[in-house]
Amino acid sequence: MERSFTLAPSLLSADFSALDRALVYLEAHGAQWVHLDVMDGHFVPNLTFGAPVLRCLRSKTHLPFDVHLMVSRPADLIEDFVQAGADFLTFHIEAEVHAHRLIHAIRGRGVKVGISLVPSTPVAALSEVLPFVDLVLVMTVNPGFSGQQMIAHCLSKVSALVQMRTERGYSYMISVDGGIDCRTLPQALDAGADVIVSGSAFFSGTLRSLLCKDSSGA
């Protein structure tokens, strides 16, 4: 793997009773961002972190927090997560009719903006907002739970986003989230991913072993 990328481990796969120690662990094992999956039990069938959790963790690490809002009403949560210390706020195009309004509201608070799409949503759904976002998060599993296998054909969206970025002069980063392991990481990078979100494979050690082997040239 010669192509560089940003590693953003997901705290969804960490021990929820020891998140502060998980941050230390991330820093010690090459993480560049912290990915925080916020779930409301409505947009996805799970409940996870709220803004108070981010507020408590913010002082525990220098790493940027990449907050992924998997919620039905993202606009209601923006101010809380801005105040809590989010560096990126990513919401789903499927959850927000007034996407331009929300993008500009987030940017106006000095936070970088991401837009995400689930596996069943085509890249074309993002065409009107791509000029205004800093990050596009391509879900390669149906969101809600860690440890799922990648839906491989979703990587074609990454390639399409790379092509659109080049042809239209956009500057967004492309993140891939879902089913990243030793087998699928090279595939995601070959497709053009700039940011890799990994949960289970990172915390289990399998992905870290691959990264260490690659960096050593073994």
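Cβ from N, Cα, C; glycine included.
Marked as active site, proton acceptor by Swiss-Prot: Asp37. Long-range C-beta contacts of Asp37 (active site, proton acceptor), restricted to its own chain and to partners at least six residues apart, with a cutoff below 8 Å, comprise Ser10, Leu11, Leu12, Thr48, Phe49, His68, Met70, Pro143.
Here Swiss-Prot flags Asp177 as active site, proton donor. Taking the Cβ of Asp177 (active site, proton donor) as reference, residues of its chain lying under 8 Å away and at least six apart in sequence are, in sequence order, Ser10, His35, His68, Ser116, Leu137, Val138, Met139, Thr140, Val141, Pro143, Val197.
Under the heading substrate binding site, Swiss-Prot lists Ser10, His68, Gly144, Phe145, Ser146, Gly147, Asp177, Gly178, Gly179, Gly199, Ser200. Mapped onto three states, the DSSP output places Gly179 (substrate binding site) in coil.
The feature divalent metal cation binding site is assigned by Swiss-Prot to His35, Asp37, His68, Asp177.
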Environment of His35, Asp37, His68, Asp177, the listed divalent metal cation site - residues of the same chain whose CB lies within 8 A of the CB centroid: Ala8, Ser10, Leu12, Leu36, Asp66, Met70, Thr90, Leu137, Val197
Residue among the binding-site residues Ser10, Ser200 whose Cβ has the most other Cβ atoms within 10 Å: Ser10
